[in-house]
Every structure is written in C-alpha cells, then in structure tokens.
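S.K.: Here it is: the structure, laid out below.
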Amino acid sequence: MKYYTKKPAVLMLQDGTVFWGSSIGKTGTNGGEICFNTSMAGYQEIYTDPSYAGQVVVNTTAHIGNYGVLDLEQESARPTINGLVVNTFSAISSRKTAESRLQEYLEKNEIVGIADVDTRQLVRHIRSKGAMNCIISSEILDLDKLRAELDKIPDMQGLELSSKVTTQEAYELGPEGAGYKIAVLDLGIKKSIMSNLTERGCRLKVFPAKTSYDEIAQWGPNGYFISNGPGDPGAMPYAVDTVKKMLESDKPLFGICLGHQILGLAVGAPTYKMHHGHRGANQPVKNLVTGRSEITSQNHGFAVDTETIKQQEKINITHVNLNDGTVEGFELKDKPAFSVQYHPESSPGPHDSRYLFDHFIDLLND
Ligand SMILES: NC(=O)CC[C@H](N)C(=O)O
C-alpha cells in the first residue's frame, strides 16, 4: 500500500506567520485566501463546492481522509479549492465503498496541501486577525522566495471568479416535459442544488455566468434560479444587471448564497467583506416569518449589508443568523423573489431548510 510520504511543506500567511508540516496532495506551490470550515464531515463536498475557488481550506476537524472519496459525493466535476490545510491526514481509507483514497484524489486533481498543522492554533489566529491570503508549498522551502510568491496572489476583495468555474456551454437536465422550466444562472453551482430542483419536477437549463438576459429569456422559463459561487459579488456587475432584468419579468426568482448577494445588489443593498466568513454545518438561523430556527450549512465570506437592506422599503428580511445577527434571507414585497445566504440543499439539520425549495415551487404555482 502506498502511504503518503512525509515530505516537508510550509504554510505562510499574509501577516508572516509560518506553520511547518507535511506535504499532502500534489507536490507544488499554490495559494489563495485562507478560510476554515468547522464541519465534522463532508470534506469531499467542501473541496468540490466551486464557491471555494480562490481559497485555501482549513478543516477544523482533526482527522481528514479516513473515509476516502466517492464520485457520488462531489458537488461539481472536480475539487476547485486552491489548497488544503489539515491536522491529521489519513493515508488510508476505512470505508468499504470508497473509490479511492484522499491522497490519490488530491494528487490526481493537482491540489497542493499540508498536514500535521496545529489547525486549532491556526484557526484561532485567523479568527482574531481576520481573512487573509496564504500560500502552501512543498517545493519552495526558502521563506523569502515563498514570500515573493505569496505577494503575487490577488486579494479576494474585488475578485471575479464565477467566470472561471461556470459551465462553458448551456445544458439542460431534469425531467423532460416537466411542469416547470427553470433557467439557472450558473455562477459556480453545486450539484445538490440542481437535484433539489429536478426532484421537485423542474426541467433546468443551466446558463454560463455571462449569458445575456435576452438569451436566457428566449428559452421561455417559468422562473429563475441564481446560484452560489466564488469571489466577490461586488465585482460582478454583469450578473447584477441580468438579475435586475429577471426581476422586471415578475417571474419567480430564488437565489442561494452568491445568488442572494447578487439579488441584494440588484435591489440596492451593497455587500461587504466579513472579518472572517461563516463556514460550517451548524450555523443557527432564525426564520422571522415562522419564528422557527434552523441548523444550516454555510460558506460565505461576504454578506449583504444589514443597515442598507433594512432601509429598503420593498424588502422583508426573512432570516437572521443567531450568532451575529447578519442577514440570512430576504424577500421582495412586490415580486415573487427571495433568497438565502445559507445552503438549504445541504443536510446539516439534516433537512431543516429544504422547505425553501418547496416555497419556490409554490411561487411557480401561484
Ligand atoms: N457559497 C457562496 O456562494 C459564496 C458566496 C461568496 N463568494 C462569498 O464568499 O460570500
């Protein structure tokens, strides 16, 4: 059995902090914005969520790789993270049904990673200092040279990344001749969102991020879906423009995460970069309409500005985060449009938030 060889690797943060560890995945150098995810399980879903493009993921769960990988558990065709930081990395997989070990998977998909890092210390550092860039290397161990590479990494603020992960060509999926035709603006969509829509009788046409509104509308959809995705929503005027036109059609519209932020911008509420994001599977959210709370899965580093959105006369804030009071969802009063900042397609509660897909179907039926 081929175990991963414990070659040295280094992680350097923008503020100069350095962690030494062992190389995992591909031997090489790569960087991006460092962020941490506190989920106890679901590492493959995290690595393949296109919203993490441009970011280096730290898993706070101390043992990663132990259940291997399965194609079925991918949220997109391949991992899209810029790098991986873990504490204890399992060289073997202990799940009978796993198709391969995590090491082989990371190597095949050219993901550079580092293990044997004190992730608790690292996370406390990011939590107090805030989001910043980092670089991982298992080939440049000279810190001055590594610093020079780190300085070349662009800042997440102002970065447009959806056009790098969106589909190249439009495609259709879901039951043919289905009751509802939903046009999906793919800003970096997760597969599980699409299955939640197709399971509810939607035929989807998934369009590349920069498709014009006219081309999308020509398909004759009954409603619109704006997906999750990577990067800074403030750097995506093209998507904001498309969503504004979609709203004018008065057809039902649902946005998730980046889609929620784009809808916010379309109705005049700016987004801002958070000190450090919400990423994990136990974020408590309160539904202000029903008074019920949900355990939600989240992955975002930007948010819609609370004060500005509160001032919008045509907006109802429907959901808030119970940890920090940030806006987690809103609806338009005069149009069948709504969005959430979190991920109702994920299963942390396990299905606390699935009703949002049913709500979208209800709007289509109205
Ligand atoms: N999951 C997402 O859609 C993330 C949205 C955006 N890129 C953010 O970090 O806030």
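Backbone N, Cα and C define each Cβ position, glycine as well.
Not my notes, these are from TrEMBL:
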type     : residues                                                      : note
REGION   : 1-180                                                         : region 'CPSase'
DOMAIN   : 7-137                                                         : domain 'Carbamoyl-phosphate synthase small subunit N-terminal'
BINDING  : Ser51, Gly229, Gly231, Leu258, Gln261, Asn299, Gly301, Phe302 : L-glutamine binding site
ACT_SITE : His343                                                        : active site
ACT_SITE : Glu345                                                        : active site
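Surface or core, plus neighbours and distances: that's what I need for these features.
M.R.: All chains included, 31 other C-beta atoms sit within 10 angstroms of the C-beta of Ser51 (L-glutamine binding site).
Around His343 (active site), taking its Cβ as the centre, 24 other Cβ atoms fall within 10 Å, counting all chains.
Glu345 (active site) counts 23 other C-beta atoms within 10 Å of its own C-beta, drawing on all protein chains shown.
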S.K.: What is the set of residues, excluding Ser51, Gly229, Gly231, Leu258, Gln261, Asn299, Gly301, Phe302, whose C-beta falls within 8 angstroms of the centroid of the C-beta atoms at the L-glutamine site?
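M.R.: Leaving out the recorded residues gives Gly188, Asn228, Pro230, Asp232, Pro233, Cys257, His300.
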S.K.: Taking the Cβ of Gly301 (L-glutamine binding site) as the centre, how many other Cβ atoms fall within a 10 Å radius?
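M.R.: Here the count is 21.
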S.K.: I'd like to verify something. Among the recorded positions Gly229, His343, Glu345, which ones have a C-beta closer than 6 angstroms to some atom of ligand 1?
M.R.: Gly229
S.K.: In angstrom units, rounded to an integer, how far apart are the Cα atoms of Gln261 (L-glutamine binding site) and His343 (active site)?
M.R.: 13
